[in-house]
Amino acid sequence: MKRGKKEEDAAADGDNDTGSASAKKTKKAKEPEAPIMYDDPPDKMTSKDGREANMKITSWNVDGLRAWVKKKGLDWVREEAPDVLCLQETKCAEKSLPADITSMPEYPHKYWSASDEKEGYSGVAMLCKTEPLKVTYGIGNEEHDKEGRVITAEFPNFFLVTAYVPNSGRGLVRLDYRKTWDVDFRAYLSELDMQKPLVLCGDLNVAHQEIDLKNPKGNKKNAGFTPEEREGFGQLLESGFVDSFRELYPEQANAYTFWTYMMNSRGKNVGWRLDYFVLSSSLLPGLCDSKIRNKALGSDHCPITLHIAV
């Protein structure tokens, strides 16, 4: 399903990005435009209210954990050294996890959730340096919890939720399901937020605004940029949550976290911002920085990192 989306997206992106062959023939003298890349600026380690960051969280859709480990993804993780590492689309049952990651001494507390019904599909993980007070799986709804999409960890001052939000699929075959998910997931997060503030991270499978993808015009009927999905994300923000990257970088274009493998999309920076740190608004004063680590390879997504004082 995800592959289908990417093919569809790539076609739309390609049409918008490269122009027609006949147009190229008539404009031989015109050089192709150089891609506009995003440079991740130096990390800010102090919050608006003057506190030093004391929690570093990294989130990465690895597009298959075993392949990502073989591509040396863990070397980058060790260099980044977050307090908590959240992974999505692990596509790996617990019994098949590579020893390279299960034996990592840096993260003695590891939590895995895989799809019940389909081996090699979906799946999320959370690796922690310090043990959470409590860890739960799913959102308490049987319809949604069989695909291994959510892990929630409770820490003294906040909840951390990592999620791999369902893709609406090629031809939008799962859009109705996705709309139901959005409503139920928002209710779950709002309920948590009443107990203590939360950080939500992961592949949320939506580019919220036109600035969040390279080719908005060609993708309005494609998974990840339909009006319904964008509205669902908007309703989440209206419920008392904040998109941390946009909060800090409201006008920053060309900052993406996903590029289809096709058509050299990453080299041309024809991408989408699908991966987020969403915070309870009460955590905003402690927000230090929200990073897009777009130089890190190993998946069709890049990792993102949050620095926060909690």
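Counting begins at 1 with the first residue displayed.
The backbone N, Cα and C atoms fix where each Cβ goes, and this holds for glycine too.
Database features, via TrEMBL:
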- Tyr164: active site (ACT_SITE)
- Asp203: active site, proton donor/acceptor (ACT_SITE)
- His301: active site, proton acceptor (ACT_SITE)
- Asn61, Glu89, Asp203, Asn205, Asp300, His301: Mg(2+) binding site (BINDING)
- 59-301: domain 'Endonuclease/exonuclease/phosphatase' (DOMAIN)
- 1-48: region 'Disordered' (REGION)
- Asn205: site 'Transition state stabilizer' (SITE)
- Asp275: site 'Important for catalytic activity' (SITE)
- His301: site 'Interaction with DNA substrate' (SITE)
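The Cβ neighbour count for Asp300 (Mg(2+) binding site), using a 10 Å radius and every protein chain shown, is 21.
Summed and averaged per residue, pLDDT over the domain 'Endonuclease/exonuclease/phosphatase' (59-301) gives 97.
The most densely surrounded of the recorded positions Glu89, Asp203, Asp275 is Asp203 (count of other Cβ atoms within 10 A of its Cβ).
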